[in-house]
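J.: One structure follows; several queries about it will come next.
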Amino acid sequence: MELDNVMLSRMLTSMTLAFHIIFATIGVGIPVMISIAEFVGIKKNNNHFLLLARRWARGFTITVAVGVVTGTCIGLQLSMLWPSFMKVAGQVISLPLFMETFAFFFEAIFLGIYLYTWDRFKNKWLHWLLTIPVMIGSSASALFITTVNAFMNTPQGFELKNGKAVNIDPIAAMLNPSTPSKVFHVLTSSYMTSAVLLAAITSFAILRGKRSIYYRSALRLTMICSLVFSLGTALAGDVSAKFLAEVQPEKLAAAEWHFETESNADLILFGTIDENNQIHHAIRLPGMLSFLAGSSFDKKVIGLDDFPKDETPPLWIHYMFDLMVAIGSFVIVLSLVYLIAWRAKKFSEWFKPILWGIAAAGPLSVLAIEFGWIYAEVGRQPWILRGYMKVADAATTGQGVGLTFIIFAILYFILAILTCVVLVRMFKNKPAEAELEKRFNH
Ligand code: HEB
């Protein structure tokens, strides 16, 4: 592997995105969780849930701040590292890029009001109402920025004449074919990951001996949300796979190690592949790929052999796809087991293996987000704008990308440590029970 400018630019962009996506995902999902907790708290007149909303909101302010920093890094690096891409795409797709910023400000304003008006309203519902614009703002930023990514996969709304974009239709560019399935999957997976992360933190606290009603309520609420949102994520993932089969078949084929166009195509799970594309040690589910791609075993699934060799994505994305799906299935099963244990009271919801499973599901869901994005982005290769421009032709020719990479790596490392330290400090000396006592029982 040669470390030329293209490679270095890709490394720097990947690193920034991989780091940013953690905060972006939390940023989209946590407002929804805060809103649900406060809603339940007011509805049931239960202070435990109100305190949950309050503590989550407090932690959220930190991750939002970091998300702003890393998001700004992306903006800078896009124009710095991919000038030819930005010259073409910038004109066509600048509308949602701008709207994203607007949505973020909208969210930030209402988040500010929300944080400063606890206990200020006579009618508690008025305070809860403020979560709605916050949720709209954060989910709308995800929507807008995802349309830009969708555009890279299925560009439309312009013509390319002598390297210049003409006849630009920004709305058509935004509403490109990838937009619906991607937005759906990005939103559901963000909600899911946030619910699972909060469940994991709670579960970890319980494992360390905190068995008060506060933690039990938190775990029940977050696990119900985990189930609902993980089912939503699976549904959206299924929609995405069917979409790929129609519109971006090479991405699906590469992920599934599917070479020959055929109906009744097998689904291949894990395994290894050699240089002659022979697959070993895999689990083969007969006909399942056709079924996934088109809800019928007769569905013809386009294979990689139909594409020129230099226009097929790398085959290792197979593992990214399989791991993402495996984690998603794990979370669904785990939430079901937990909820059954709780409702049926046949075995304890404090059963340690379940609690450890939930604690592990948090980091695993974040990994699923990373795997999902790696799959989606590497699966677009070699294109930066599918059918129009290749990644190799879009990178900067400027000097110093290597050094910039090192500087940003250090920056992210420090930011990651600081975020953890601040978050731990924020809650460490403020046990929930004491706070409950102080706030509600004076
Ligand atoms: Fe996912 C991506 C499917 C789960 C996260 N996904 C993706 C894709 C597909 C899928 C097909 C591609 C798309 C495009 O590119 O357009 N998934 C799926 C399935 C499942 C899943 C089938 C099962 C269940 N995911 C999942 C989970 C998660 C995820 C669990 C987390 C949590 N993904 C993801 C992401 C991404 C993906 C983040 C990137 C974005 C898009 O959409 O693309």
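Even glycines carry a Cβ here, placed using N, Cα and C.
Bear in mind that TrEMBL entries carry predicted annotations, made automatically and left uncurated.
Quick paste of what TrEMBL says about this protein:
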{"type": "TRANSMEM", "residues": "17-40", "note": "transmembrane segment"}
{"type": "TRANSMEM", "residues": "60-81", "note": "transmembrane segment"}
{"type": "TRANSMEM", "residues": "93-116", "note": "transmembrane segment"}
{"type": "TRANSMEM", "residues": "128-152", "note": "transmembrane segment"}
{"type": "TRANSMEM", "residues": "183-207", "note": "transmembrane segment"}
{"type": "TRANSMEM", "residues": "219-237", "note": "transmembrane segment"}
{"type": "TRANSMEM", "residues": "316-342", "note": "transmembrane segment"}
{"type": "TRANSMEM", "residues": "354-376", "note": "transmembrane segment"}
{"type": "TRANSMEM", "residues": "403-424", "note": "transmembrane segment"}
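Walk me through where these features lie, including what they touch and how far apart they are.
T.: Distant neighbours of the transmembrane segment (183-207): 24-26, 28-30, 32-33, 56, 139, 142-143, 146-147, 150, 215-216, 218-219, 222-223, 225-226, 229-230, 232-233, 235-237, 239-240, 331, 350, 352, 355-356, 358-363, 365-366, 368-369, 372; these residues of the same chain sit at least 6 beyond its ends, with a Cβ under 8 Å from one of its Cβ atoms.
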J.: Do at least three CB pairs under 8 A connect the transmembrane segment (403-424) and the transmembrane segment (60-81), leaving out pairs fewer than 6 apart in sequence?
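T.: Output yes: the transmembrane segment (60-81) sits against the transmembrane segment (403-424).
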J.: I'm a bit unsure how to read this: which one of 17-40, 128-152, 316-342, 403-424 has the highest number of Cβ pairs shorter than 8 Å with the transmembrane segment (219-237)?
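T.: Of the candidates 17-40, 128-152, 316-342, 403-424, 316-342 scores highest.
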J.: Mind checking which residues reach the transmembrane segment (403-424)? Cβ under 8 Å, same chain, six or more beyond either end.
T.: 8, 11-12, 15-16, 19, 59, 62-63, 66, 69-70, 73, 80
